[in-house]
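The following features are taken from Swiss-Prot:
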{"type": "BINDING", "residues": "GLY13, MET14, SER15, GLY16, SER17, GLY18, LYS19, SER20", "note": "ATP binding site"}
{"type": "BINDING", "residues": "ASP62, VAL63, ARG64, SER65", "note": "GTP binding site"}
Amino acid sequence: MMADTLEIVLITGMSGSGKSVALHALEDAGYYCVDNLPPELLAAFVALEHQHHGNRVAIAMDVRSATALPLVPQQLRRLRGEGVTVHSLFLDATTDTLVRRFSETRRRHPLSRDEWYGEPHALLETLELERELLADLREQSHVIDTSAIRAAQLQGYVKSLMPALPGQLTLVFQSFAFKRGVPVDADYVFDVRMLPNPHYEPGLRNLTGKDQPVVHYLEQAREVRQMREHITHFLGHWLEPLAQNHRSYVTVAIGCTGGQHRSVYLVEQLAAEFSDRWTTLRRHRELDGR
């Protein structure tokens, strides 16, 4: 049996979603990293690298290994049975975002080669095939939506996960603007657009839900207090069963119109409230992108 201090972070996801950026972030954090490892070599590689490179290893796999990807869940179960701590991250983005990134970089999608189709196919078709091939891995991983974040932000977020990785369930609270789309990595989504909006108060418009005048304004509203209480009750009831089901992460997304006031306020308050019992992380999609 391997030492129980061995920690593996597996990075998979859509082509163009930022897997290389995430891997570089882990390398900066002290992980020994390898890119595009064939899935059938995973267990042997982990055993070898544990002997030579210490207790923290990060591995990136992509759809170029698609024919062997069904082996990965079984390999991960085997490693966990040997006492290895395994975390699986899946990077994703909207199809429109991926198309734009491929257009900007002028790179060819790895599935566009003839051996997959017998003839060239359009980018949209290859992305659709890739989603189908990676669906099972996505279902078993912590999903990170990179659609609205830059490379430096993604690196920072992946690094922020590091202290939480060895623990049990981690709660990720994320604020967002509905006008920019619902985060694809959300496990639960709460719509708070019906709450009083500080945007229409001239003295609060340029502030955020972190600022005390906005906090004071929102806490005076009965419906804001009720919303917070209802979300707290829901999460308080279901987090323990989720943790017992071996979930490593739960992402709670809270959205308002602009992602600046109401959703930010609730993310800050809920993260503070649940931090006594769970490891919590905070993401403000629209604020972090400024």
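One is the number of the first residue shown, and numbering goes on along the chain from there.
Cβ atoms are placed via backbone N, Cα and C, with glycine included.
The two recorded residues, SER20 (ATP binding site) and ASP62 (GTP binding site), have Cα atoms 10 Å apart. With all protein chains in the displayed structure included, the most crowded Cβ environment within 10 Å among the binding-site residues LYS19, ARG64 is that of LYS19.
Annotation for GLY18 (ATP binding site): same-chain Cβ neighbours under 8 Å, separated by at least 6 residues, are LEU91, ALA93, THR146, ALA151, LEU154.
Annotation for MET14 (ATP binding site): spatial neighbours LEU91, ASP92, ALA93, LEU98, LEU127, GLU130, ARG131, LEU134, criterion Cβ-Cβ under 8 Å with sequence separation of six or more. Counting every protein chain shown, 24 other Cβ atoms lie within 10 Å of the Cβ of SER15 (ATP binding site). Of the listed binding-site residues, namely SER17, SER20, SER65, the sparsest Cβ surroundings within 10 Å are found at SER20. The binding-site residues listed here (ASP62, VAL63, ARG64, SER65) include ASP62, VAL63 as those with a Cα within 10 A of the Cα of GLY13 (ATP binding site). Cα of VAL63 (GTP binding site) to Cα of SER15 (ATP binding site): a span of 8 Å. Same-chain neighbours of the ATP site beyond GLY13, MET14, SER15, GLY16, SER17, GLY18, LYS19, SER20, judged by a C-beta within 8 angstroms of the site's C-beta center, are, in sequence order, ASP62, LEU91, ALA93, THR146. Long-range Cβ proximity for ASP62 (GTP binding site), meaning a same-chain Cβ under 8 A and a gap of 6 or more residues, is found for THR12, GLY13, SER15, LYS19, ASN36, PRO110. Other Cβ atoms within 10 Å of the Cβ of VAL63 (GTP binding site), summed over all protein chains shown, number 22.
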